[in-house]
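Peer 1: If you scroll down you'll find the structure; I have some questions about it.
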Amino acid sequence: MSLFPSLPLLLLSVVAASYSETVTCEDAQKTCPAVIACSSPGINGFPGKDGRDGTKGEKGEPGQGLRGLQGPPGKLGPPGNPGPSGSPGPKGQKGDPGKSPDCDSSLAASERKALQTEMARIKKWLTFSLGKQVGNKFFLTNGEIMTFEKVKALCVKFQASVATPRDAAENRAIRNLIKEEAFLGITDEKTEGQFVDLTGNRLTYTNWNEGEPNNAGSDEDCVLLLKNGQWNDIPCSSSHLAVCEFPI
């Protein structure tokens, strides 16, 4: 068999294949002009601008890692407004009566008796050493010399009053107590010539010295107990012995 008859057939096959590749390239470049031949791809251009943010996605599922430690407590916030008052609770049951042992009352009575005995002993000691007692009055002096206003303040400080004899026995007790002339709780400061006690009551007992009261110098509004037990009016600004009386 001769090889030459098949040579045309081979050439025809090569031409057909080349035509097929040309058609394929042209089909891919339909927008290119017919005069421009197909070629290899060009170099990539610069990146374009970022696009706008998309919409927020849904919350994802919790991660699978371990949970972190709890953070430190935050600062205390401002106090809130007081809440409304609650409803009253139910009334409680009546309690059992208290117990008071007999020994408590007897002990209190014995303590009172002991205190009274001690007070009586102190009064007797004071009467013997510093003062004089007549009836329900106790007269006491600290031996100080002062003005009438200071005598009043001193006696008030000890819840007492300036000594004021209501009868001869009390006047004698004060006289026996003092070694110096002493103020009495009697004045006529409000009404001249009308002597009253410090509560404003008129006197029911007096023991004026002869010629007294005479208001010599026009300012003798206080009363002085002399060493002989009689009275004399003197200025309240003068200084004399302080004597106080205590009710007992």
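For all residues, glycine too, the Cβ spot is worked out from N, Cα and C.
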Peer 1: Of the ranges 112-130, 150-168, which one does Swiss-Prot list as coiled coil?
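Peer 2: Comparing 112-130, 150-168 with Swiss-Prot, coiled coil matches 112-130.
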Peer 1: Need the cross-check against Swiss-Prot: the disulphide partner of C222, picked from C236, C244.
Peer 2: C236
Peer 1: Would you kindly give the Cα-Cα distance separating P79 (4-hydroxyproline) and P73 (4-hydroxyproline), rounded to the nearest Å?
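Peer 2: Given the Cα positions, P73 (4-hydroxyproline) is 17 Å from P79 (4-hydroxyproline).
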Peer 1: Could you measure between P47 (4-hydroxyproline) and P79 (4-hydroxyproline) for me? Cα positions, answer in whole angstrom.
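Peer 2: Pair distance, Cα basis, whole Å: 58 Å.
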Peer 1: Using DSSP, tally how many residues of the domain 'C-type lectin' (134-245) sit in helix, strand and coil.
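Peer 2: Summed over the domain 'C-type lectin' (134-245), the classes give 23 helix, 37 strand, 52 coil.
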Peer 1: About how far apart, in whole Å, are the alpha carbons (Cα) of P88 (4-hydroxyproline) and P82 (4-hydroxyproline)?
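Peer 2: With distance taken Cα to Cα, P82 (4-hydroxyproline) is 17 Å from P88 (4-hydroxyproline).
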